[in-house]
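Taken verbatim from TrEMBL:
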- 1-19: signal peptide (SIGNAL)
- 22-67: region 'Disordered' (REGION)
- 23-67: compositional bias 'Low complexity' (COMPBIAS)
- 70-182: domain 'Lreu-0056-like' (DOMAIN)
- 173-195: region 'Disordered' (REGION)
- 183-195: compositional bias 'Polar residues' (COMPBIAS)
Amino acid sequence: MIKKKILIAAMSLTALALAGCGSSQSNSQAKSSTSSSQSSSITKQSDLKSNKTQKQSSSTSTVNQSNLSPQQLGTLVALYQDPDWFKEYLKDGFMYYGTEDGSGKDIAGYNYVTANGDPTSFIYFKQNGDDVTIKQVIPEGDESVAEASLHTKHISVSRLLSDYYVNQSQKDEVNGYADQLKPESQYQSDMENKN
């Protein structure tokens, strides 16, 4: 009988010991699982932060493209389209900018730079995201200006920026030209002062 009680007590202690070990092991596994999920959560948060930083970085370049003033974009377009003409008239103080009011339906709402001569002296441009549509009257062959048609071409803002607006010297040059452009409303008074 005493042996039976000792045996039952020993088995109970063994059972308790095993239950304690199992509980300890399951706590250890739970902690490991929690640690694993916390690590996974931290990794996911890190990935999200990294993605967010990348998105902010790419949106910064987009913001820079969309923050170009009409004068800056007009300068970039003019340097692309006809740099010598643009610089010559700008140097003489007769380069203007404006927005087409709608009198010409093909160019309604387009911005432009102009030396205010015949129709060939207007370079029209319109930005849509990274795309810039450029329109200009260009005589071909023996065509007179009156016979010439409006030609359309496309270029990306990112291409204009990579060609003309990369280093500080280029940025200063473009911004300097843009600052010299006058609103077209000033053209009439410039003509009166010229005479």
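Backbone N, Cα and C atoms are what each Cβ position is placed from, and that goes for glycine too.
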Secondary structure content, the domain 'Lreu-0056-like' (70-182) (per DSSP, counts of residues): 45 helix, 32 strand, 36 coil
Residue counts (helix, strand, coil, in that order) that DSSP gives for the compositional bias 'Polar residues' (183-195): 11 helix, 1 strand, 1 coil
Segment confidence, the domain 'Lreu-0056-like' (70-182), expressed as mean pLDDT: 95
